[in-house]
Every structure is written in C-alpha cells, then in structure tokens.
Amino acid sequence: MGNLTMSRRTFVKTAAITGAAAAAFGASTHTALAEETYSSVSGNDTVAVKTCCRGCGKMECGVKVIVQNGRAIRVEGDEGAFQSMGNCCTKSQSSIQAAYHPDRLHYPMKRTNPKGEEPGWQRISWDEAMQSIVDNFMDIKAKHGGEAIACQVGTSRIWCMHSESILKNMLETPNNVEAWQICKGPRHFATTMVSQFAMSWMETITRPKVYVQWGGASELSNYDDSCRTTVDVASRADVHISVDPRMANMGKEADYWQHLRPGTDGALALAWTNVIIEKKLYDELYVKKWTNAPFLVCEDMEPSGFPTVRTDGSYWDVKTALLKESDIKEGGSPYKFLVYDNNWEKLKAEGVEHEYGAFTWFNADQEGVIDETGGFWEGENYDSEKARQGREAAQDNLLPGQTQGWLPDPMPFDPAIDPALEGEFEITLKDGKTVKVKPVWEHYKARAAEYKPEVAAEITGIPASEIEAAATAYGTRIDPSTGYGNGGIQYMLAVEHFCSAIQNCRAFDNLVGITGNMDTPGGNRGPTIVPIDGDLQGFSAWAPGATTPPEEVNRKQIGIDKFPLLGWWQYWCDSHSLWDAVITGDPYPVRALWNESGNFMSQTNTTRAWEALCSLDFYVDLNLWHTPQNDTADIILPVAHWIELNSPRASQGSAGAMGATVKCVQPPAEAKYDPEIVMDLARRMNWKWTDEPGNEWPDINWQLDDSIKLLTDDELTYTTWHVENGKPTFERHGVPMAEVTPKYKTWDEYVKAFQEHGWWQAKDIEPRNWGTYRRYQTGAMRARDRVWGRLDYTAGKGIGDWKPGWFTPTMKQEIWSTVMESHHPDHPEWRLPTYTEPPHGPKDGDRIKEYPLTATTGRRIPVYFHSEHRQLPWCRELWPVPRVEINPKTAAEYGIEQGDWVWIETEWGKIREVADLYYGVKEDVINLEHTWWYPEVKDAGHGWQFSQVNQLIDHYAQDPHSGTSNLRAYQVKIYKATPENSPFNNPVPCDSTGTPIIHTSDDPRLKEWLPTYEGRE
C-alpha cells in the first residue's frame, strides 16, 4: 500500500499554502457574507463566518469558515456551537479542497458519445440546457405519462433532499429513488407507523446516564450528536453499551460490548425486551397509559376498523383485531378501544361506573368523526396546564449555559382506572358470541419470551449472561428519583440494512418506550422543532400555491404492489423495482431521470442499476463533480458547495440547535444553488410556485426571507384542553400565524443576528414544544402536522390539535401495529416486532460451503462520507484504497497478509479490496468498505466495478415492508488477488489502458487535485 505520508502537521502546512494561494486572487463580483458585512477588511485580514458544516452530509456541526480577500482558506470548529462542542473533523477541514477542486463542475454540459462510453462532454449554455430538459421531459410525459419520469436524490447539498418532492409534483410522477430508503428512512418509516415521525433520534446531547450506541460509530461522523459530542457523552455516562459486530473506536472503552453476529440485531433487541419484562424494569404507568399494551386482542373475530389519515393527509382504512365498542355493540364507535380495568369494582363502589362493567375504553377518534371525546379515556378528567406541572429537568452533565428543559410530572389516570396488562377475559360480541380476549402486552410478552437470552445467545453469538447483564444495566434506573429512564437508544444505520429493517426499528422503539425513555431527558425525542424550516420552507413541496399530483398518480407508484406499506408511506418508490422497470418496461416504461446527488451505488445491486442508467432515454444530473453515475447522464448541471450558499438550519435530530448555513464565498463560474435551478425549471414549465400574483416564481432572496418569517417573539398559536368527566372543551391561545411579527424581517437580518449570537437553543425558542418533555402528555407531540412539523403561515397549516397522545391510529405508541396489521392481513406475526434470519447468511443451507464468511459493510471512515471525497488529496492520501477487515487467524487460513489485494466474491459479483488484519472482527466475519470508486479512472463509470461492494448483493433480497436492500450479513468467499487471477496481471485494479488506480499515499497524481483558484469567474 505504501507509506501514509500525510500528518497533522502536513495538513496544517497545506492549509497555509492554500491560504496564500487564495489571497493572490481578487474577490468575486457577487455578494457573500464575508464581502458584504466585512467589506472594510483589507490586505491579508481574515473574516470568520459562522455557518453549518455539511462535510459529512448529515451532522449540523457549527463551524467557522475563514475567508481572506473573498477566498475561503480553512474551516475551524465553532466552540460556541453547543451541539458539536467545536468539533471540526477531517471531512470538514477538507471542504476547502472540495470547494476549490480543479475537477469541480463549472458549466452545464451535454454528452456527445453513446452511453456506456466516455461521455465526451461539451459545454452548453444554461438556456440550452434548461430548454432541452423541458423539451425532453414534456415529450416523454406526452408519450408515456408523468410516471415515466423518475426523480432521484441523495444526501447533503443542503436543500436537494427535497428535490424529488418538487419534481414529483411538477411532473406528476409518483416515482422517486431516495437514499432515504436505506439511510434513516426505515427508522422514520417504522416510528411514524408506531409512535411519531423520526422518534429514532435520541437526545444524546443531554448526556444520558446510560449511553447505548447501537450499530454505528457516531464518534467519526453522522447524526446530530457525533464526533466530539459522542466521545464526551460516552465518557460522562455511568454506563456505556456498544452493540456492534466489530470493535468500533469507542467500543473498546465501553462497559459492555455486545459483539453480535451481523444481522441479528432484532433477536438481541427482543432478548433485551424479555429481560426488561421478566425483571419488571418497565415503566408501568407509561405502558398502561401511553401505549396500546392494555388494548384487548380478539382473535375470534374478523378485523374491523375505521378510516384514518395517511402521512400525506389522504385516508386509508384501519382493519384490526383490537377490540372496539363497535365489535360488542351495534352502532358502537370503531374508535373506542376496550381495556379491562383491574380497579372497576373499587371505582364502582366509589360511584364511578363504566358503561361496560369491568371494561372501559379509550377513544382514538382523533379527527372528531363521531364525537369530540377522541384522545381521552371514558370519564377522564384532564387539564393541559395540569399536564405541564412539573420541574426543571436535572441532567447532571450539561454544558455550561445549556438549557435543561421542562419536565412535567407523570400524570396518573383520573379516574384511577388500572388497565390490565396480563390475564384473559371473556366478553360477548354484538353477534352474541362469547369470546376470550387478552391484552396486547400478553402477546408482546410471549413474543419476547421466544428470544430469552439463552435463545438469543445461539442466534447472536453473545453469551446469555452478557445479554442479560447489558439489558439489566440499560433497564435499571441509576437514579429513580428522576422519574424517567437512563436514556434512549441511539440505534443507527446498521439496523436498517437487513430484510428485517422495519421490524428491527419497531423493536427499538418499543424498548425505549417501555423503559420510560420516550421524550424524556436523554431519551428519544425525534426531530428538533423550531419555527424556521431547515429545508427551506418555500423551496419544498409544501410551498405556498404548490399543486400536488392527484391521488390516482400516487397509486401508480412503482413497487407498491410488492410492498403495500409503501402506499401508506408514500415518500419513496422502491428503487429495485424502478431500475427493473427501466430495463423491462414492467409495469410501465420509465424513460427519464432527474437526479440531485443521488448515487446508484448506495442500494440495490450496482450492476443492475448501472444497466438501467445506461438504458434511459434522457437523464439530468445536478452535482459538484463528474461521478460514476452522471457518466450515464445526457445533461449535467453544476451546483454550489455548502460554503457557497444560504439556508436556514435546525438540527434534523434531537440536538435542539437552530442556526444557518451561510454563504461564505461565491460559487465558481456558472454553478448555481439547487433551488434556483428547480425554480427556473418550474418557470419554464409554467408550474406556479406560489399563488401570489406577479411572484409566481420567486427568487432566492424571497425564499430565504420567507423561511424565517415565523421566528417571532410572539407566542405561536397553541391549544389547551380541559376535560371533565369525559366532556372536553378547548381554548386557542397565542398569535395566529398570519398575524405574527417576524423577529427578523429579512434573511440578512437573521444571518447578522446568528453571527453575533451563534447557535440558538430550540428549548428557548419553543418552550412549550421542544423545551418541554413528555409532550405526549401535554399535547405538544401533536402540536404540528403529523410528519414534518412544518408550519405554513399563509393558511394556518401545520398546526395540530394539541391533544395528548401520539399520531398513530390508536393515538398510543403502538406495540401492536395497526398499520402493519391492516396492510399485511396474511402475516399476523408482523403485528408485533419479529426477528428474521438474514437471507444468504450462515444459516442458508449448503451455501455456506462455497461462501463460508459473513460479510458486513458500511462502517464510518474518518476521511470519507459514503462515496464522497475520493478526489480530495488530503483524504485520499490518508486512505488511498478500500480496506477489508479480516481477523488475522482467518487471513492466515487463506494465505492473506496485511496489505494484500483480495478478491471477495458471491454468485452476484466480485470485487477487490486491500486486506487489513484486525482482531476486532470475528473469525468468520469480514468487514468491507462501501461505495468506492476511483475519480482518477477516466473510463465510463470511473472504476466503480473494481471495488463497489453492492455488486455482491442479491438485487431482490429486501425488507418486505420498506423495500430496503439487504446490504449486510451475506455469505462470501475470499482469496488473494495474484497476477495470474487479475486483469493486466496486476492485483491492483487498472483502467482500460492498464494504468493502476491511485493506491499509495505518495502517488504524484494526488497533487493534480490540489486547490485551484483560476477559472471560477
């Protein structure tokens, strides 16, 4: 491999050289903050611009970009950013090399050569490019319908993650390929189904007493609370539990390392559940009052139900075996779910009598279809203000100046019912038949008992005693006086990459809930809620005046027949099915694609996806670079880097930070900000963005001003409820959104305040919402719309009903999923979390004889983010080649030594990576690196076929609910790459001319990628 020559000193020295080169060139004619606000600086004076890093595409690290004479010369951590503690990782520092890279796209280009060959790019004008796009899209739409045009999106680039929503509406297509399908999406999908959108996000920033780091190395990158924050959280925790097949960086410091076999997370989660239940470590009040655990299951009747709302606002029908008033009484409400009350006789003696004797009910009529008691128990007494009574939270290890948040006391039942969790009861149905019913908890308890530690030990490879010890440590409250659990579970990307993605996430959601860690300090809280829109409100599919496709268009979504729940979810089509449709025309032709930073290497079998890309009639790609995927494009459009654009920014997870991405320097040449490109397309297609006469296609300044309008000193509208003996009344408070006085009239004012103040704490901005815990009790969990929490000042949209509970069909955290039950009636086992053995894994019959090793992948690399940064010299010098981690004992069996190139093979493909001997993986497991390509290779595709790991996967091995690819835990074989078994007689991958890829740290080609400042005007 050669010697790694880049040291920290070299890193800093190179930065100094970069700065000197930057100073030699004058400022751009366009306005950036450093030029506008600090125009008085002269000579070599520098300006530090506070902004938000996007070097890893997910984390909102606060950083400062140092600008000298209009040129960014380095990135530093912002010590005032409480959410990231001044962190500035290698990817962030390398952003300067990305922004000033000689291979940046500067102009629109069109291809001149056939697909599959070197594209022969030719520069064209923006007008020609955009008109060509409109003409081709309209032609394809006229021939095949809007559904023949698909949209694709990846991560980062600030705003592009919602581009597919815009184009879907504009083109009337239901088809969008998203990285979301395999990254965060299954977690968001599952939690939306059973609790609340993205409740997978954990408030690690308040430093829980027990820190559970499950399936990720967030100390390297990714997620709200990563890098320096993660290290600090783990170090301060009383107990740190790491769950990972490999010894991760922080794993060696953990108190418990749950060293599981890849793909067995679901079994381990259910084993933890079994321990929690058997040791009675669950929060009994929460389980009885805020989950559907006490709801009664009747297996002797046909499932029935009611219409309820999808995530997009349309309706679907719940069909459930949970017992309802309509099942026992003609004309009864299908929304009233029955429970058995252990206290019914005592209450009766006190003069409180239930309508159905020992049975009482909870009314989930959240839309008020039948009556207004929806959201409340029979005869309940409830008051919103009493629900807020409590105290300031008391987390021990907050940073100085960090807000604690308000912690309402747990609210007991009033009247003092006691819903039964266990037992079997008889009840007569409306047809006269007497049946036996059991609480959901009994079924859940039985499911968990199938995975006792002794059973899970056989599946996961972790000793039963270690499973029990870790689960007990998590569930046993270190300080019971707090009234809440030890902290949530930071379950990360790895748990999504299996055919059990959704069920895995449900198991974690339940675990967090039953242990009293839902929306509590250090618990799982979901996405940060603030009045600004971190995705640019005006540049989203929810823009004022934006039209949406008719329902019949959504019903055409590709993959919906194979994955019925996608019709409920509606936020992506199945990527596997879409690529198949491009190739086969089944179920209908898909002939065009619009892509913003999407990456065909991230999911599905790469070879199959490449075939589809080469088969498209027309493909447009927006990007910073020439990439493997856009080598198949017909037109490529250059976009701005994160230091070259403006965007409001709030933590996407639970870190609770609000700030901005600030334009520090001008983009090069003709590169544009994604929203401006899409707005131009809308104008050319005569698709009105707003309903404001004369401003149908607003410019970026209007959009930025619009994005911060609801940030105000006024108290935004909220609702309080008063319920007496089951009869509710409500009262509106605060200022209607259309009447609020914006705190900042313009984006520039907001940015100026941000430069002076730094990052704001969402707890201070929205004290009734993000500043308050247990929002399911106060009503604030339902304060915003059911998915994104967006507010639309134009029509009062986005405001919820402020009723206590969750946004689920039962208004409870659903241990028994009515969504799953309704969409998969033929799979009753899926109503509760399940464990499924990975396909093509070590239990896959005789296959293990030919493919004896289990492959996992996806680990975080300090200098890369998925496929990004392979052309940045600092990063590539430190990590020039993909590495496969192999246990030294295993390597010895195969005659493999450190640094050898190794073939890794399945029946679907084979790749080469470099052996990295590491005792941190088990002897029967190898750990592969993912999404590798080689920018130095000029052949079409830039050498993706050499090392791209997803060539090895079964294209049709998918999660049956979300369609997520099975990206890990499959069997492979390995053997040493030799001159005899390698093309060009070279174990090192070579391009079509026989030239090897960059594979050593001293390759002179790295210097060709050093920053350049010419040709940007």
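Placement of Cβ uses the backbone N, Cα and C atoms for every residue, glycine included.
Look at Swiss-Prot and you will find Lys91 tagged as active site, electron donor/acceptor. Sequence annotations record features per position, and here Swiss-Prot assigns [4Fe-4S] cluster binding site to Cys53, Cys56, Cys61, Cys89 based on similarity to another entry. What Swiss-Prot records for 45-103 is domain '4Fe-4S Mo/W bis-MGD-type'. The signal peptide annotation in Swiss-Prot covers 1-34. Here Swiss-Prot flags Arg506 as site 'Crucial for dopamine dehydroxylation activity'.
Features recorded in Swiss-Prot, as mapped to the structure shown.
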{"residue": "Cys53", "record": "[4Fe-4S] cluster binding site", "CB count, 10 Å": "28"}
{"residue": "Cys56", "record": "[4Fe-4S] cluster binding site", "CB count, 10 Å": "25"}
{"residue": "Cys61", "record": "[4Fe-4S] cluster binding site", "CB count, 10 Å": "31"}
{"residue": "Cys89", "record": "[4Fe-4S] cluster binding site", "CB count, 10 Å": "25"}
{"residue": "Lys91", "record": "active site, electron donor/acceptor", "CB count, 10 Å": "29"}
{"residue": "Arg506", "record": "site 'Crucial for dopamine dehydroxylation activity'", "CB count, 10 Å": "30"}
Summarise the domain '4Fe-4S Mo/W bis-MGD-type' (45-103) as counts of helix, strand and coil residues per DSSP. 9 helix, 21 strand, 29 coil
Work out how many Å separate Cys61 ([4Fe-4S] cluster binding site) and Lys91 (active site, electron donor/acceptor) at their Cα atoms, rounded off. 11
Compare the Cα of Arg506 (site 'Crucial for dopamine dehydroxylation activity') against each of the recorded positions Cys53, Cys56, Cys89, Lys91 and report the nearest. Cys56
Integer Cα-Cα distance in angstrom, Cys53 ([4Fe-4S] cluster binding site) to Lys91 (active site, electron donor/acceptor): 9
Nearest-integer angstrom distance between the alpha carbons (Cα) of Cys56 ([4Fe-4S] cluster binding site) and Lys91 (active site, electron donor/acceptor): 7
Summarise the model's confidence over the domain '4Fe-4S Mo/W bis-MGD-type' (45-103) as a mean pLDDT value. 93
